[in-house]
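Notes for the one structure printed next.
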Amino acid sequence: MTYSVKEIFYTLQGEGAQSGRAAVFCRFAGCNFWSGREQDRANADCSFCDTDFIGTDGPGGGKFKTAAALAEAARVCWDGMADATGTPYIVCTGGEPLMQLDSPLITAFQKKGFEVAVETNGSLPCPPELDWICVSPKSLDKLVQLTGDELKLVYPQTPVKPEDVAHLKFDHFYLQPLDEADHNHVPATLDYCRRHPQWKLSLQTHKILGIA
Ligand SMILES: C[S@@+](CC[C@H](N)C(=O)[O-])C[C@H]1O[C@@H](n2cnc3c(N)ncnc32)[C@H](O)[C@@H]1O
Ligand SMILES: Nc1nc2[nH]cc(C(=O)O)c2c(=O)[nH]1
Ligand code: SF4
Ligand SMILES: [Mg+2]
């Protein structure tokens, strides 16, 4: 299988329970909820995406013909920045990573020493080998991944409300303020978390810091 990757970069996880942890990010190209084109945004299953995931033209991006080749590129990215202490960590995101991230690729990352995390919209089942699952639902109808490590809901959004997913089997429940031009959703998110302590606040710290 050929893997289409928009970009591979090294930064700190900015969101959720692993926030602050050094990681290689592997951003897969393409999403099943939106074409990525602005003219399609209004009618997409997910209309608030903050990410360019079209094509393979980003830093470290490309088409990788084998799982081993992609895992090697990720490890080179890690070794170029990190010293030998600490467990190598890779966050597979996108776009929708589970359109491409399969068991052989997860295993290839693990053979290179990585703990493997995914950021997914939950519309495709997670392979069992994953070390960390973060589901961020955008549609109740299309939600099939009902368990994982963290559920990170963008708030507010019309399709999915916190009450719709609060009963699912996750260890951590986060609300992440919708990042939208001309509107600050942090106060409303803060207020919800104060009233419903099951939910913790996830700020997109990389945006605050101005890093990738
Ligand atoms: C770009 S998505 C890629 C992974 C996957 N497709 C998903 O939706 O979870 C990565 C994370 O960014 C979040 N996100 C996307 N657009 C956002 C926005 N405008 N404000 C806040 N979070 C956003 C998503 O909910 C998800 O948790
Ligand atoms: N620093 C940083 N943390 C992130 N957590 C999730 C991200 C994503 O786009 O999936 C992301 C990202 O793009 N950058
Ligand atoms: S599902 Fe994820 S990648 Fe796809 S459009 Fe929504 S936030 Fe962006
Ligand atoms: Mg992002």
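For all residues, glycine too, the Cβ spot is worked out from N, Cα and C.
Annotation comment: TrEMBL describes LEU12, GLN13, GLY14, ARG27, THR93 as substrate binding site. Here ARG27 (substrate binding site) comes close to VAL5, LYS6, GLU7, ILE8, PHE9, THR51, PHE53, GLY58, GLY61, THR93, GLY94, GLY95: these same-chain residues lie at least six apart in sequence, with C-beta atoms under 8 angstroms from its C-beta. According to DSSP, ARG27 (substrate binding site) sits within a strand segment.
Across the residues of the domain 'Radical SAM core' (18-212), the predicted structure has a mean pLDDT of 98. Residues annotated as domain 'Radical SAM core' in TrEMBL: 18-212.
Under the heading [4Fe-4S] cluster binding site, TrEMBL lists CYS31, CYS46, CYS49. DSSP classifies CYS49 ([4Fe-4S] cluster binding site) as coil under the three-state reduction. Of all Cβ atoms in the protein chains displayed, 18 besides its own lie within 10 Å of the Cβ of CYS49 ([4Fe-4S] cluster binding site).
In the three-state DSSP assignment, the secondary structure recorded for LYS138 (S-adenosyl-L-methionine binding site) is coil. Under the heading S-adenosyl-L-methionine binding site, TrEMBL lists PHE48, CYS49, ASP50, GLY95, SER136, PRO137, LYS138, GLN176, PRO177, LEU178, ASP179.
There are 13 other CB atoms within 10 A of the CB of THR51 (Mg(2+) binding site), with all protein chains counted. The feature Mg(2+) binding site is assigned by TrEMBL to THR51.
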Count of other CB atoms lying within 10 Å of the CB belonging to ASP50 (S-adenosyl-L-methionine binding site): 10
Top Cα neighbour of GLN13 (substrate binding site) in the set of binding-site residues CYS31, PHE48, ASP50: ASP50
Shell of the substrate site beyond LEU12, GLN13, GLY14, ARG27, THR93, same chain only (C-beta within 8 angstroms of their C-beta centre): THR11, GLU15, ALA23, PHE25, VAL91, GLU119, HIS206, ALA212
In sequence order, those binding-site residues of LEU12, GLN13, GLY14, ARG27 whose CB lies under 6 Å from ligand 1: none
